[in-house]
Amino acid sequence: MPFDLSSRLAERRAAHLYRQRPLLESPQGVRVVVDGQPLLAFCNNDYLGLASHPAVIEAFAEGARQWGVGGGASHLVVGHSSPHHALEEALAEFTGRPRALLLSSGYMANLGTVTALVGQGDTVLEDRLNHASLLDAGLLSGARFSRYLHNDIESLGSRLAKAEGNTLVVTDGVFSMDGDLAELPALCAKAREHGAWVMVDDAHGFGCLGRNGGGIVEHFGLNVDQVPVLIGTLGKAFGTAGAFVAGSEELIESLIQFARPYIYTTSQPPAVACATLRSLQLLQGEHWRRERLAQLIAQFRLGVSALGLNLMDSPTPIQPILVGSSERALGLSAALRRRGILVTAIRPPTVPRGTARLRVTLSALHSEDDVNQLLEALQQALRELPEGE
Ligand SMILES: *Cc1c(COP(=O)(O)O)cnc(C)c1O
């Protein structure tokens, strides 16, 4: 029997690493129905509350009426339609870069970009806590691949000194499971010393960071020379779907020529681009959503430290509570759920061994009262499951 799947599954279960998919029976939001149970949710990435915004829904519906449903072909054949093109122009303007390229998902944007830029004889250096799609992309590229210590510029520097060929330094902007920010100004300076390019995947920064929601590069005031390759995803704060790469004319033309996950796939439904054009306006213009998030983040951090819990160093809506063992993280998540609150336990291999956590995420649609409810439920869950048990 070459494929012994049942013992593989049993092992995963025994290690408290078995994954199950909660069934969402309502639209995405802060109040959801999951597996038949109404819950107050603190775990989606819809940070600004745009996924179910009436104006975004209307733009999507109108887009479908005008453009139909399917993209119908790849971009290079005849699937590149006016809404896709208009969204690319809007995203280029939003990011202050000469051009942007729209792709169907962040995973594909990362895979396509890294593999188009580096290959055999080149070097790709990644933060060890980078998103799985970036790590996969680095491995698949065929370039020499090395991971430096998290946000450690010295560790990066020693690898840069040994790098060969074209060298790409790749980092999350906001780290997806920790919520902290890449030390971009120092990282970009170090990369420049060695003639390397920097690629930032700011999936969780766009919409949340920067005065206009321009993400980590707006937050730090970095331009296209310092960060030549900028990735954003549209399924998080934008509330829709897809991803983009923003950069120079030559970068985007190179991706159109060489990025296989861009070339060999059907374009996203044009109506999704119509919806994103609308959500981009809301994301940029409605500053109150970022202000509300800042208030909720401050309230949550104050409350959690009063409970003596281990918060991570995060200024973003990703506010994980470090727990340690997978078993205890699952226990706390279940105890919260019995109290009507949904928070996901994140376990290895998504995070390093021994660092299982409750990944709390906040949304501009949460109220102060919602956060109080979460804090109260956390306090009760801790009493039920004291440390060390
Ligand atoms: C979610 C995420 C992606 C993947 O984006 P999708 O559009 O969901 O495929 C890539 N990078 C980071 C850092 C992410 O958090």
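For all residues, glycine too, the Cβ spot is worked out from N, Cα and C.
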According to TrEMBL, which candidate in HIS80, HIS150, HIS204 joins GLY106, TYR107, SER176, THR233 at the pyridoxal 5'-phosphate site: HIS204
Of the candidates ARG13, ARG19, ARG21, the one that TrEMBL places in the substrate site of HIS131, THR350: ARG19
Which recorded positions sit within 10 Å of HIS204 (pyridoxal 5'-phosphate binding site) - Cα, from ARG19, LYS236, THR350: LYS236
For TYR107 (pyridoxal 5'-phosphate binding site), the number of other Cβ atoms found within 10 Å of its own Cβ: 18
Nearest recorded site to TYR107 (pyridoxal 5'-phosphate binding site) by CA-CA distance, among recorded positions ARG19, HIS131, LYS236: HIS131
Neighbour tally for GLY106 (pyridoxal 5'-phosphate binding site), based on other Cβ positions within 10 Å of its Cβ: 23
Span of ARG19, HIS131, THR350 around substrate - largest C-alpha separation, Å: 18
